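Have a look at the structure below before the remarks.
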Amino acid sequence: MLNSAMSVVILAAGKGTRMYSDIPKVLHTLAGKPMVQHVIDAATKLGAAQVHLVYGHGGELLKQTLKDDKLNWVLQAEQLGTGHAMQQAAPFFSDDEDILMLYGDVPLISVETLQRLRDAKPQGGIGLLTVKLDDPSGYGHITRENGKVTGIVEHKDATDEQRQIQEINTGILIANGADLKRWLSKLTNNNAQGEYYITDIIALAYQEGREIAAVHPARISETDGVNNRLQLSRLERIYQAEQAEKLLLSGVMLRDPARFDLRGTLHCGMDVEIDANVIIEGYVTLGHRVKIGAGCIIKNSVIGDDCEISPYSVVEDAHLEAACTIGPFARLRPGAELLAGAHVGNFVEMKKARLGKGSKAGHLTYLGDAEIGDNVNIGAGTITCNYDGANKFKTVIGDDVFVGSDTQLVAPVTVGKGATIAAGTTVTRNVADNELVLSRVPQVHKQGWQRPVKKK
């Protein structure tokens, strides 16, 4: 069916006392992203013309964290219930648009479920998302007559008979803007909590003869809210299990799906293998036949075909061409670039550095602010000294250079093609093509040398 224009209201004013945190509840993260951002993203994908965010506690921190100029920020100075929160947003509703109500602490709601709810909304009526629970205690119970939804009774206000009703309200609903404003204006706080319940609009709509269509989510976990860290941790595991399942079904080999975390977006080629305890953050692309060892962290990086990253390596904001090998225990920091066939071994760190085709840095090395050519050997213990205490400087190493172990290159410095730098050398001046450079303290031999003896 053809949907009306739609705006979304996200309720995010709660303090989250049971989180025991100075951070507003909706800013606590799931899969590396604030809970409320998951909800905002769902609203955006659904095609919301406007997203109204109702905030209260921690408003400044919310604005600093989300930094979204497309949000309409609506202050709820006093937390007097969900109906009161919607009343604060009501002046922004257009009469001819639909209004979808979501919650900033219900992060797993899916676009697919929301689209079904949107499609099911009757003309002039309400679309209501409900679930059935074995134990409905503490929730708002759905009342029906002859199968039709007639209202919602909060648990504290319900009779013993009503408390046995297993179908409960999730709080997510959609209605026309003009209708919603009219119903909101009629809400009262005559209940056990002394609050304005948004759920009371269901009875108001029924009294007007409007139809209420109840829709169930694909998974109950989509409507699970978060009130404490235990609940958040459970949703994290549900979310990660779902992501792992999608990857496995798309052909990615996760050696232990229960020990894999995706905290962003992952694009994979064919025959990718990922070992246990790997964390993917941000936007990551893995080419064909990539292998990621146990305990690695990959963030905002592109990994080319046939690359292998050995265990406990960290790759952040880096770009690897085909057939590169990394680690174990390597660290690629932002700006690291490896051309085809390059190798970075154990305890090697790169930052804003380019390692050419077939070049190798095998052990215990720091390469920062450096441009390194093709077929270069970087010996163990090599350091590019890029910082003078105030500014950073660049090291340039040409093709086919051999850098011996324990070499320091004091930037700015350039080493020409084919040059050889002897072990233990400190390079402070430019080196011409094909030169041999060495700087060592003369070796001294003392015959009959006696070691010092400790005093008794």
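Every residue gets a Cβ built from N, Cα and C, even glycine.
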Listed co-binder of acetyl-CoA (same site as Ala380, Asn386, Tyr387, Ser405, Arg440, source Swiss-Prot) among Ala419, Ala423, Ala432: Ala423
Inter-residue Cα distance where the pair is His363 (active site, proton acceptor) and Arg440 (acetyl-CoA binding site), in Å: 22
Residue distribution over DSSP helix, strand and coil in the region 'Linker' (230-250): 20 helix, 0 strand, 1 coil
Proximal residue to Arg333 (UDP-N-acetyl-alpha-D-glucosamine binding site) among binding-site residues Asp105, Ala380, Asn386 (C-alpha distance): Asn386
Pairwise CA distance, Ala423 (acetyl-CoA binding site) versus Asn377 (UDP-N-acetyl-alpha-D-glucosamine binding site), rounded so that it is a whole Å: 12
Cα-to-Cα gap, Ser405 (acetyl-CoA binding site) vs His363 (active site, proton acceptor), nearest whole Å: 9
Least buried by Cβ count (within 10 Å) of the binding-site residues Leu11, Ala380, Ala423: Ala423
